[in-house]
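If you look up Swiss-Prot, you'll see CYS41 marked as active site, thioimide intermediate. The active site, proton donor annotation in Swiss-Prot covers ASP48. The substrate binding site feature in Swiss-Prot is assigned to ILE63, GLU64, LEU65, HIS82, GLU83.
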Amino acid sequence: MKYGEKEIQEFDINAEENFWPNEHEKNYTINIELPEFMCLCPRSGYPDFAIMKLSYVPDKKVIELKALKLYINSFMYRHISHENSANEIFDALYSQLEPKSMKLIADFNPRGNVHTVIEIDSETF
């Protein structure tokens, strides 16, 4: 096993070192695009690819970017649906960051003539 595979396999999104203190009191938005998301279809095992777009207004914490990359890469060999992967990512990040607001857009590549976009927005809760 290569060192990168090991790091991804052993990654824990809930580890304290993955989140840093937000040193600013003013409201500002962090926009992050993750263009290489991959998971496996739970039915066929075929790969699904997506661009994940995360946008949040931090409160007390921000996510360390390498941690976010490792977390997203941890889905690479998981059999999980579009809806479940987007919701799992949103829920994990939202519960750890406790942001003032957060939105995740999971824009999956078309497969079988179907293009899926999942949007989850804390403003709609």
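Cβ coordinates are placed from backbone N, Cα and C, and glycine is handled just like the others.
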Checklist entry - Taking the Cα atoms as reference points, how far is LEU65 (substrate binding site) from CYS41 (active site, thioimide intermediate) in Å? => result 26
Checklist outcome for this item: The most crowded of the recorded positions CYS41, ILE63, LEU65, judged by neighbouring Cβ atoms within 10 Å of its own Cβ, is ILE63
Checklist entry - Just counting, how many other CB atoms are there within 10 A of the CB of GLU83 (substrate binding site)? => result 12
Item to check | Spatial separation of the residue listed as 'active site, proton donor' from GLU83 (substrate binding site) - C-alpha basis, Å | outcome: 12
Checklist outcome for this item: CYS41 (active site, thioimide intermediate) and HIS82 (substrate binding site), compared by Cα position, are separated in whole Å by 8
Item to check | Most crowded position, judged by CB atoms within 10 A, among ASP48, GLU64 as recorded positions | outcome: ASP48
Checklist outcome for this item: In three-state DSSP terms, HIS82 (substrate binding site) is classed as helix
Checklist entry - To the nearest whole angstrom, what is the C-alpha distance linking GLU64 (substrate binding site) and ASP48 (active site, proton donor)? => result 25
Checklist outcome for this item: In whole Å, the longest Cα-Cα distance within the recorded substrate binders ILE63, GLU64, LEU65, HIS82, GLU83 is 25
Next on the checklist: Using DSSP and collapsing to three states, where does GLU64 (substrate binding site) fall: helix, strand or coil?
Outcome noted: coil
